[in-house]
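Right, one structure below, let's go through it.
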Amino acid sequence: MTDPSYSRQSSDATHPLLIDSDDDNDPRNNSAGSSPSSTSSSSSSKRWTSDPERALGSELFKDTPQPTRITISTRSPLSFSSPTTPSVLTKPLSFFASLRRVFKRNPTTVIGGRYTVSLRQVFGLFAALATISLLVSINGLWNSRSAAGSWIRDIIGPFMHHGPTTYIYDPAAIAAERANYLPLRYGLDLAPTDEAVVRERHERVRGKGTKTSLKMIQAPMQNETPSEQKERERRLQRVRDGFEHAWQGYRRYAWGHDEIRPVSGWTKDSFNGWGATMVDALDTLIIMGFDREFDEAVEWIITSLKFEKDPAQKLHFFETGIRYLGGLLSAYDLSGEKVLLDKAVELANYLLNAFQYGTFPVGQVTTDPKHTPRAQLFVLAEVGTIQLEFTRLSQLTGKPVYEQKALDVFRTLAKMITELPGLYPSIVKDDPDSTYSNYRATVSSGVDSFYEYLLKEWIILDGKDDLYRDMFLSTVDSIQKYMVSRPSTGSQEFAILGAVSSKDKSINPQMGHLACFMAGSLAMGSSYFDRPQDLTLARQVTEACFLSYQYLLRPETIESVWILYRMTGEMKYQDMAWEMFESMERSCRTKIAYSGLRNVNRPGSYDDKMESFFFAETMKYYYLIFSTTDVISLDSFVLNTEAHPIRRI
């Protein structure tokens, strides 16, 4: 109702429905001890408003008939007719007066005096302030590059779902995406790629300029019927469309950042903040024929990729080597763009700082050597996964320092004594006289790519150094002897590579997903060294990995499936790859890109993560298994652990 003013008679002052909100009229606060009536009689005219809430639950009117009408006059005293409805008249309240009334209403006094506050109100006020502070903090951290900001996005991001829980392939949607991706849409005006440049890239992808004296291990492509060719090319196009969909999501939401969060659309900079996804995807763009997109990425590298932005920034030696250095070298091998080689040399010179304290590179390195920390212990995979990249760089530049630093690591490891020949613990010392006993040996996390590089270093050196061959074969012999575990049914179709105790040789029949890469290495080694038993084990491990394949977007299983297909020519491996790809499409594709799952049994349980290896490895392997076999042939290239093809010369 409106705010009428009126003159009230002193006789009305004690009426239970007429409650003046002025605290001076409260007998509890009247120091003179005067009665309410005597106090209120001094008021001649006040502004009032009805407050029915004050009368709710009042015991006074429990048995009283409800008033039907209240008449308020601005010029005459308040009059009631048939008082049957309780109504409370109070002043219109300011914000502070409202708070004062709230504090007065609860009789459980914590703070006494003129105003009272209950314990519940104190806690409520504290909770409100804490909530506001938390929201302000979250808002501030959400876009920050701090660890706390990353943690907050990890927790909240998946709930900000922009995509469907399942995705149905729609060529029309792909065409619309492609039309919207025109560089002009982003304010760019790139000239079309020169046809001669495109042709040169096409030939490099198919092995132009490669040389090797090693035996050919890749099976020739099987003769296809027209229908088989059509189906293979249909699958190939589907994979290419999937890559394009994810690349456009990255291009739109995370350009220049390390990663795109494929559900929330936010970004993540986990690998130095140098655009890991872009550098990791360079060679895949060339292989799939995205020449315009490749040129755009190279332009960003020329203008924006700055390694020395923070000379004290701790760089992860392993990840920087396999993603950035490997990506730049491979893209150079496939395109001939000299700027990529120049960037690779610049980065490698910074990575050399990791070797300043000894033979083994430290796990963290800085572009300014004085900030690079020392280390006492080393992760085997981290010190044993730079050899391909550094060897190739020495081949391209004619500077032996890179290759020498990398190969010294292998030579030091070769001198160590281990309880299981060829199988090392995951943590080692920089000491060639070290002896290791009572450790747990696996081919999974912490050691995996070291075993992978033993064989691949021998390949890239064209078989000219027997040390790496001997180390690899020693590893494989121990794998066959100690690690293999098969079903209790006696089936010879499946096998896993478990964890073995070096002390008592007991085996834990569990295999991490990272170990699935080993099937591909076993298959290649079986052909190079005439070991058919290794190919048998490779098939069994691949079958087991295929059955347990998770949607984490990881590439190890499809890597081994691709290698076995290229070596055997058996179509069943293409079918396995297609089943895996379709499963990924149904479960992992979002409106923006692709996301891993937290629980494969719960559709839509996205983890909101798509690491750069999804472009570098996962999608590349899917594409290669449906390509003609001259594209990145195993006889022309050796792939680093991030699936970057390095040319053999």
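Note: Cβ is positioned from N, Cα and C throughout, glycine not excepted.
The Ca(2+) binding site feature in TrEMBL is assigned to Thr641. There are 26 other Cβ atoms within 10 Å of the Cβ belonging to Thr641 (Ca(2+) binding site).
Taken from TrEMBL, the feature compositional bias 'Polar residues' covers 1-13.
What TrEMBL records for 28-45 (among others) is compositional bias 'Low complexity'.
The compositional bias 'Basic and acidic residues' annotation in TrEMBL covers 48-62.
If you look up TrEMBL, you'll see 73-86 (among others) marked as compositional bias 'Low complexity'.
The annotation disulfide bond is assigned in TrEMBL to Cys516-Cys545. Its Cβ placed at the centre, Cys545 (disulfide bond) has 26 other Cβ atoms within 10 Å.
Per TrEMBL, region 'Disordered' is recorded for 1-86.
Annotation source TrEMBL lists transmembrane segment at 122-142.
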| Using Cα coordinates, what distance in whole Å links Cys545 (disulfide bond) and Thr641 (Ca(2+) binding site)? | 18
| request: Could you measure between Thr641 (Ca(2+) binding site) and Cys516 (disulfide bond) for me? Cα positions, answer in whole angstrom. | output: 13
| remark: In chain order, residues whose C-beta lies under 8 angstroms from the C-beta of Cys516 (disulfide bond), counting only those at least six residues away in the same chain, are Val541, Thr542, Cys545, Glu556, Thr557, Glu559, Ser560
